[in-house]
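Visitor: I am attaching a structure below and will ask some questions about it afterwards.
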Amino acid sequence: LKSHMDIRDYTCHICGRGFYRPDALKKHLLCYHANLKAFHCSICNKMFKGHLPQHMRTHLKVRPHGCAVCGSVFSQRSQLIVHQRIHSGERPYRCQVCWQAFAHSSVLKLHIRKHTGEKPFECPLCSSSFSQLPHLKKHMLSIHQQDKSYLCQKCKEF
């Protein structure tokens, strides 16, 4: 039931990614945060176990995967597959509460917060909380527009 409601009780203390089971968290830690990452991207400073060439495509604007329908191009094959759902109308991610279907798992995750009432984004200046980060940003800019202490001192953005 937890997986259907997208309730992830086990959270990675390094990157914040959530998991349904403790063994999945353990596998994640071993795969993604163990000292096995030998490849370093000099552009964005991310570390990789072996997918650095694929990652570099994003920085070098190399996009070998093209959509046969509209001509959009992507650096990763997985991005093309997700994009093609626009044309096919495929919506493989279904809410187990109301049965609404979505093309992307991330959109389903946001939708489920409507049912659970989860609001993980909390305003640092008042007691308001929000289900999505853009809603918090809008709140900060409209309600707390005079107090700019929450802005990044380098880029002056939230």
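Heads up, residue numbers simply count up from 1 along the chain you see.
Here the Cβ of each residue, glycine as well, is placed from N, Cα and C on the backbone.
Positions annotated as domain 'C2H2-type' by TrEMBL: 10-38, 65-92, 93-120, 121-149.
Help me see these features in their spatial surroundings.
Guide: Here the domain 'C2H2-type' (65-92) has Cβ contacts under 8 Å with residues 54, 57-58, 101-104 of the same chain, all six or more residues outside its ends.
Averaged over the domain 'C2H2-type' (93-120), the predicted model has a pLDDT of 94.
Summarised by DSSP class, the composition of the domain 'C2H2-type' (121-149) is 11 helix, 4 strand, 14 coil.
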Visitor: Determine how many residues of the domain 'C2H2-type' (65-92) DSSP places in helix, in strand and in coil.
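Guide: Result for the domain 'C2H2-type' (65-92), in helix, strand, coil order: 12 helix, 4 strand, 12 coil.
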Visitor: Count the residues of the domain 'C2H2-type' (93-120) that DSSP assigns to helix (H, G, I), to strand (E, B) and to coil, and report the three numbers in that order.
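Guide: Going through the domain 'C2H2-type' (93-120) residue by residue, I get 12 helix, 4 strand, 12 coil.
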